[in-house]
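Before any comments, here is the structure.
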Amino acid sequence: MKKQCMNRVAVIGTGFVGSSYAFALMNQGIADELVLIDVNKEKAKGDVMDLNHGKVFAPKPMNIWHGDYQDCQDADLVVICAGANQKPGETRLDLVDKNINIFKTIVDSVMKSGFDGVFLVATNPVDILTYATWKFSGLPKERVIGSGTILDTARFRFLLSEYFQVAPTNVHAYIIGEHGDTELPVWSHAEIGSIPVEQILAQNNNYKKEDLENIFINVRDAAYQIIEKKGATYYGIAMGLVRITRAILHNENAILTVSAYLDGQYNEKNVYIGVPAVINRNGIREVMELKLNETEQQQFHHSVTVLKDILSRHFDEVK
Ligand SMILES: NC(=O)c1ccc[n+]([C@@H]2O[C@H](COP(=O)([O-])OP(=O)(O)OC[C@H]3O[C@@H](n4cnc5c(N)ncnc54)[C@H](O)[C@@H]3O)[C@@H](O)[C@H]2O)c1
């Protein structure tokens, strides 16, 4: 019999990112059931044992097991973290050929189970693989979400919070575009409390434009810095994925910067890219269209062009 009112999440790929996500999900008590799937079955089984040993300390019971694609049939959410990660010196876009083939197999297997929920993609290059998941699955575009710039936005808010000495939750600012080298900060809508950052800069000489430019560079290049130091990044994205999971499973209508399909918003079409969007139980309810200034619009368009260039090599309909 199908589960009653149980939230089931399936994680595919239990490497650094997938297992950190599972750990964070368990600690926040958001889901009732968690199934871990990996081509390396022993890794997934080991993670299940390890997580179960912490269950007694979790805020809420969660049934965790090592499973296979058939378990996706009753999943509300399938989170894909499988595939190659960046090695030092590699860009996210360098991973596309390896990971797109892996995704064809994974998404076909999930759909064969009869899955009818929401996909959340974390694997890089995330915008390209979210598009691929949408195409391979045949699901409506709003039920396929990429983690997009959720992590970049979180890094941005954290660094701005340090600079302006306020809590990150009081910083309202977005990174949009490709989760990668062409992403951009939306300075025209960055606010501390409700005060625009541009206004603070104009009124207070303690704050400088060059510092803000450096903050953005540190956001954009954060992954390279972390990979250089410890080989991979996973805690930040794991927390971001859990945040999106909560917005979905709790039907929150939360505004988060995710990779969403554009169908005319920002004057762009037929691409998944990082933008603020309203997330609820059905996936992406709507894309929030910020009024960008001219420079931001141009930078955003450049980011779209870079993604579309790669998409067009794999999908004929993208021009
Ligand atoms: N979106 C983001 O902000 C963000 C942040 C960090 C990492 N990432 C990306 O997440 C992905 C995973 O990174 P990681 O550090 O966890 O890598 P990892 O190598 O530690 O884990 C990848 C896992 O995928 C599994 N896998 C490979 N092929 C599979 C298949 N066909 N079916 C099932 N499982 C399969 C591997 O066995 C491994 O356990 C990478 O692409 C990385 O770039 C994204």
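Just so it is clear, glycine is given a Cβ too, placed from its N, Cα and C backbone atoms.
Annotations in TrEMBL come from automatic prediction, not curation.
Copied from TrEMBL, the annotated features are:
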| type | residues | note |
| --- | --- | --- |
| ACT_SITE | HIS179 | active site, proton acceptor |
| BINDING | 13-18, ASP38, LYS43, TYR69, 83-84, ASN99, THR105, 122-124, SER147 | NAD(+) binding site |
| BINDING | GLN86, ARG92, ASN124, PRO125, VAL126, ASP127, ASP152, THR153, ALA154, ARG155, THR233 | substrate binding site |
| BINDING | ARG157, HIS172 | beta-D-fructose 1,6-bisphosphate binding site |
| MOD_RES | TYR224 | phosphotyrosine |
| SIGNAL | 1-24 | signal peptide |
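A map of TrEMBL features onto the structure.
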residue : record                                        : Cβ contacts under 8 Å, 6 or more apart
GLY13   : NAD(+) binding site                           : ILE37, ASP38, ILE80, CYS81, ALA82, GLY83, THR123
GLN86   : substrate binding site                        : ARG92, ASP94, LEU95, ASN124, ALA223, ILE227, ALA232
THR105  : NAD(+) binding site                           : none
VAL126  : substrate binding site                        : ARG92, GLY146, SER147, GLY148, HIS179, SER259
ASP152  : substrate binding site                        : ILE175, HIS179, GLU183, VAL219, ARG220, ALA222, THR257, GLY274
ALA154  : substrate binding site                        : PRO168, GLY236, MET239, GLY240
HIS172  : beta-D-fructose 1,6-bisphosphate binding site : ARG157, HIS189, ALA190, GLU191, ILE192
Cβ neighbour count (within 10 Å, all chains shown) around ASP38 (NAD(+) binding site): 21
Largest tally of Cβ atoms lying within 10 Å of a Cβ, found at which of the recorded positions ARG157, HIS179: HIS179
Contacting binding-site residues, sequence order - ASP152, ALA154, ARG157 vs ligand 1, Cβ under 6 Å: none
Position of peak Cβ density within 10 Å, selected from the binding-site residues ASN124, THR233: ASN124
Separation of alpha carbons, the residue listed as 'phosphotyrosine' and THR233 (substrate binding site) (Å): 9
Proximal but sequence-remote residues of the same chain as TYR224 (phosphotyrosine) (Cβ under 8 Å, at least 6 apart): PRO88
Nonlocal residues around PHE16 (NAD(+) binding site), in sequence order (Cβ under 8 Å, 6 or more apart): ASN85, ALA232, THR233, TYR234
Span of GLN86, ARG92, ASN124, PRO125, VAL126, ASP127, ASP152, THR153, ALA154, ARG155, THR233 around substrate - largest C-alpha separation, Å: 20
Neighbour tally for GLY83 (NAD(+) binding site), based on other Cβ positions within 10 Å of its Cβ: 22
